[in-house]
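*Asks:* Pasting in a structure now, in structure tokens, and then I'll have a few things to ask.
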Ligand SMILES: Cc1cc2nc3c(=O)[nH]c(=O)nc-3n(C[C@H](O)[C@H](O)[C@H](O)COP(=O)(O)O)c2cc1C
Ligand code: SF4
Ligand code: FES
């Protein structure tokens with residue numbers, strides 16, 4: 001049986017958890033002290049051996065990313081923390097920053113020292129005002145206490161941290177679009193290579209990491225790589241947030257070792273809401289192919305979820321019961337992708353536009369069976385042919401829903417509209 | 001006359017702009033916060049606001065416009081004192097966000113992206129706001145109003161229009177105005193960071209389960225071999 005492993009969330013039930021004083025009382029900033037006595041490269045090696053993989057969706061090994069920074073580039077180096085959290089279903093970084101911003105600030109200090117950067121940015125989505133206040137407050141407290149700024153803790157290491165509020169654009173979560181946005185331009189992805197490690201912010205060597213990735217670093221420095229790898233699986237080490245939302249009795253954040261299953265998580269969360277049963281779910285946000293009740297025992301690690309035909313993504317488990325119309329759900333997600341497509345490349349810009357049209361008529365019962373092939377055709381032209389992963393991601397809900405629920409699409413045609421009563425899916429309409 | 005041509009206002013904003021620009025290694029990075037700053041002044045990004053940003057950075061108004069129109073948080077028309085955003089992305093929509101949005105449109109007599117005649121409330125449907133475990137979610141001036149219903153949302157907008165004090169679920173003790181919120185986004189503190197809850201109940205759901213069961217992350221002080229024995233012991 002897998003048990004929960006609260007690390008980043010372990011102090012969240014203290015009403016003052018977001019303050020420097022509270023963070024210190026639970027051991028905060030000890031890891032930074034330790035890190036500053038180590039060689040920067042030794043920290044990079046430590047993070048490599050911990051097996052920490054990016055928590056922002058793609059799962060790239062964090063230590064390896066840090067190691068890619070060229071040694072001979074004379075430009076300043078930058079750490080950019082991705083706090084754009086906008087992938088539908090993803091809701092972990094925002095509560096983390098609200099309750100425990102110092103975990104990120106300490107992680108930034110350690111990571112910056114390790115990669116020899118003296119300036120770090122946190123790009124936070126703009127639509128979370130209080131989170132931005134909390135994070136700025138934590139940064140100010142850290143400056144005040146000598147944990148940031150000139151000569152951090154007397155080590156001779158200087159570090160400035162700038163909190164930058166975005167302005168509403170999902171695509172700015174894509175790391176190169178984020179860099180363009182941070183440079184003051186429209187947030188559109190850049191051609192890779194060069195990767196940010198070589199030419200990132202201001203064409204300088206840059207590491208872009210997710211909030212949770214960086215916030216996990218202090219625990220690794222404090223407790224060691226072996227401690228970290230004692231959780232999770234061989235190739236998906238450590239712990240992470242599993243965010244349960246939707247038709248579940250107790251939705252919320254569950255910090256668990258990677259490899260936990262939805263069945264185990266649902267057990268802890270009181271199951272699917274009373275009187276209903278699981279129909280479909282996303283393992284890692286709307287860009288990851290949906291799963292069904294057949295996948296309740298799939299270990300939620302990068303390899304197992306991949307082998308089962310989806311992606312671990314951001315561990316955003318959006319849970320839908322049998323009252324939910326899958327055609328409606330997918331249609332809404334595709335409207336999102338169409339709205340958020342940055343317009344740079346044709347397959348994504350046009351493909352999503354057409355998918356919205358086709359899905360609308362299917363939902364209204366005005367479509368034809370040939371429309372399903374049309375959708376799959378458009379997906380063929382999107383997947384692997386779009387300029388960035390937003391376009392690829394848009395195909396996930398479409399192809400997976402047709403795979404598992406083809407008949408439900410056809411039911412809309414036969415019924416001449418949606419056969420579901422949407423009121424039953426609501427929080428207040430679920431009674432039987 | 002534009003607020004940006006009033007000499008005292010302009011002088012004050014130029015000081016703010018300088019402070020913003022100084023945060024960055026390169027000036028142009030200041031554009032997003034500068035746009036938040038002009039929105040804080042007028043409630044939206046006007047042609048004059050765009051010209052102000054362009055001047056501060058020494059770039060053209062066309063360059064600023066291209067950026068301002070890319071991001072959904074910058075409004076191109078006057079916005080109400082309270083911007084009410086109803087999440088209608090899939091998860092919230094299914095959980096009742098669609099019903100809430102429909103109820104507010106009817107109750108306020110306005111459509112998407114419109115403002116009530118008294119200038120108090122602007123209504124918009126918004127995308128996933130990273131609060132799905134609190135669905136259905138309504139944002140007012142980008143503060144969280146979690147776990148809403150059509151009725152709670154209607155009384156919320158009534159309170160806003162009547163000027164009653166309104167408290168976000170996870171936010172400061174009192175809601176600030178749209179302009180004040182934009183100023184925070186531009187990077188100026190309003191001193192409210194320490195107010196309000198540290199976490200909502202769903203954020204604590206996993207921690208509660210762990211506490212009740214006595215579950216913790218492994219104790220780093222104990223060697224891994226010993227811990228492995230525990231696990232085996234459990235399995236027996
Ligand atoms: C459309 C799109 C949106 C993304 N949004 C985010 C995001 O909000 N936060 C995030 O950390 N990564 C996001 N990513 C992934 C980033 O591009 C990048 O992989 C990540 O920030 C790297 O950090 P990590 O290695 O620590 O995970 C997004 C990617 C795409 C294609
Ligand atoms: S795939 Fe979509 S979001 Fe990505 S570059 Fe192309 S148009 Fe822009
Ligand atoms: S879908 Fe509404 S907050 Fe995520």
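Including glycine, each Cβ sits where the backbone N, Cα and C put it.
All TrEMBL annotations are machine predictions without curation.
Okay, these came from TrEMBL:
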- B:87, B:92, B:128, B:132: [2Fe-2S] cluster binding site (BINDING)
- B:211-236: region 'Disordered' (REGION)
- B:224-236: compositional bias 'Basic and acidic residues' (COMPBIAS)
*Asks:* Measure from each Cβ of the binding-site residues B:87, B:92, B:128, B:132 to the Cβ atoms of chain A, and list in sequence order the residues where some distance is under 8 Å, or 'none'.
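*Replies:* So the ones by chain A are B:128, B:132.
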*Asks:* Same chain only, sequence gap of 6 or more: which residues have a CB within under 8 Å of the CB of residue B:128 ([2Fe-2S] cluster binding site)?
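*Replies:* B:87, B:89, B:91, B:92 - these are the non-local Cβ neighbours of residue B:128 ([2Fe-2S] cluster binding site), listed in sequence order.
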*Asks:* Taking the Cβ of residue B:92 ([2Fe-2S] cluster binding site) as centre, how many other Cβ atoms lie within 10 Å?
*Replies:* 31
*Asks:* What is the number of other Cβ atoms found within 10 Å of the Cβ of residue B:132 ([2Fe-2S] cluster binding site)?
*Replies:* 29
*Asks:* Which secondary structure state does DSSP assign to residue B:128 ([2Fe-2S] cluster binding site), in the simple three-class scheme?
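*Replies:* Looking at the DSSP assignment, residue B:128 ([2Fe-2S] cluster binding site) belongs to neither helix nor strand, so coil.
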